[in-house]
Amino acid sequence: MEKKVQKLHDKKNIALVAHDNMKDPLCKWAKKHSFKLSAHQLYATGTTGHKLEEATGLSIRKCVSGPLGGDQQIGAKISEGEIDILIFFWDPFEPMPHDPDVKALLRIAAVWNIPVACNPASADFIISSQYINEEYERLVPDYDAYIAKRLG
């Protein structure tokens, strides 16, 4: 697939998602980094978003809860260019009834070349990156070229 450059602004759109057993670690992480996070637009799935607002006092744009379609809503926002970074604390020890949704979310993040953190250590690396508060150019699929080629 052909690629094109997409410019990210210094204020990023960051999605925060966590499975049930990982909501507290995500809230703890977000509270620790609330100053840096406050410079960005934050999104979350439903329950996680409410817990994050309570823990940090930050404003969060909330989708529905993950098992009710929130993971898919976040994925749609990624494919529409509305999410720049995904912080997704998932529990590797718990079977997930909505596992296909989780796999789809991670696949979409990979397709659209967005940074993904799956635990506090990887999230620390992203939030402390020099690019978090700077403009950044990334390669994304060129959908217009894709359609033109398909309709050719």
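Here the Cβ of each residue, glycine as well, is placed from N, Cα and C on the backbone.
Per Swiss-Prot, active site, proton donor/acceptor is recorded for Asp71, and the stated evidence type is sequence analysis.
Thr47 (substrate binding site) is surrounded by 18 other CB atoms, counting those within 10 A of its CB over all protein chains shown. Per Swiss-Prot, substrate binding site is recorded for His19, Lys23, Thr45, Gly46, Thr47, Thr48, Ser65, Gly66, His98.
Annotated domain 'MGS-like' per Swiss-Prot: 6-152, in sequence order, evidence recorded as sequence analysis. As a whole-number mean, the pLDDT of the domain 'MGS-like' (6-152) in this prediction is 95.
With respect to Cβ neighbours within 10 Å, the binding-site residues Thr45, Ser65 differ, and Ser65 shows the lowest count. DSSP assigns Thr45 (substrate binding site) to coil in the three-state reduction, outside any helix or strand. If you measure from the Cα atom of Thr47 (substrate binding site) to that of Asp71 (active site, proton donor/acceptor), you get 12 Å.
The secondary structure of His19 (substrate binding site), as reduced to three states from DSSP, is coil rather than helix or strand.
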